[in-house]
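**Q** Following this message is one structure expressed as structure tokens.
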Amino acid sequence: MLENLATEERNKKTIDLDKLSPKEILMVMNEEDAGVTTAIKKELSKIEKIVNGVTESFRKGGRLIYLGAGTSGRLGVLDAAECVPTFGVSKEQVIGLISGGEKAFVSAVEGAEDSLSLGKQDLEKINLVKDDFVIGIAASGRTPYVIGALDYARLIGAKTAAISCNANAEISAHADIQVEIVTGAEVLTGSTRLKAGTAQKLVLNMISTTSMVGIGKVYKNLMVDVLPTNKKLEERSKRIIMEATDVDYETASKFYEEAEKHVKVAIVMILTNSHKEEALNNLKKANGFVRNTIQK
């Protein structure tokens, strides 16, 4: 029942929220948000298990699939979309599914999250296989859409994780790995787009970023597989080459073009004094890891 969930409780600090000044509201929201990272810290060992599982799936050619309803679903779609330009992966490698489909990203779709079968159907549409990793996201921890999807994923042998913001969440029983970030009562009662949503976003950031490090998408702390889809990212790409190799802007630009705008390739060309094809071949041998390539 909803009344038994911490995310649905009334926050004693904000009982008279409508009487507070804007400054007072901002201060109490800031104070409440400060506890989110502490709640996440308690679950880091479980989040690490998810990262290890996702990385293993990627190495097998599998995909990461986020799945949720409402805010939770939107956060999964957002993180999946950001992985494409940030890490240069295809839009099929990290997928975000939301109950009700794409139109639910901007407006609510009545009844979509209450369907057990809809989650299963959405996974069937993307041809889920056992090498994929499915993460179900639900602040309440009880969304039928997510439960149905997790059950189907486990049925076909895919690894699963559940991320919720309540202790002993219902979805935890339907996943291999359970992350329960207990963020407590919201400033605005029941509005889980607030602390719960913030916690979920931070955890998804951790999972996608750390998993991408694990498959060679990062050199030092540089996004060397960035996809330069606009002028800003083109300039960032050149700055990354400069930072990684200690060359000037003109040299970085020259190798950037010679590498056909592949930052990682340009870096290896410079650091190993090699031509493009040789750099590509050596990167392939090192499974895409720049550090391993240049240390050979």
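The backbone N, Cα and C atoms fix where each Cβ goes, and this holds for glycine too.
Swiss-Prot lists these features:
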type	residues	note
ACT_SITE	Glu82	active site, proton donor
ACT_SITE	Glu113	active site
DOMAIN	54-217	domain 'SIS'
**Q** Relative to the Cβ position of Glu113 (active site), how many further Cβ atoms are located within 10 Å?
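**A** Glu113 (active site): 24 neighbouring Cβ atoms within 10 Å.
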**Q** Taking the Cβ of the residue listed as 'active site, proton donor' as the centre, how many other Cβ atoms fall within a 10 Å radius?
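**A** Excluding its own Cβ, the residue listed as 'active site, proton donor' sees 16 Cβ atoms within 10 Å.
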**Q** To the nearest whole angstrom, state the Cα distance for the pair the residue listed as 'active site' and the residue listed as 'active site, proton donor'.
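**A** Each residue's Cα considered, the residue listed as 'active site' and the residue listed as 'active site, proton donor' end up 24 Å apart.
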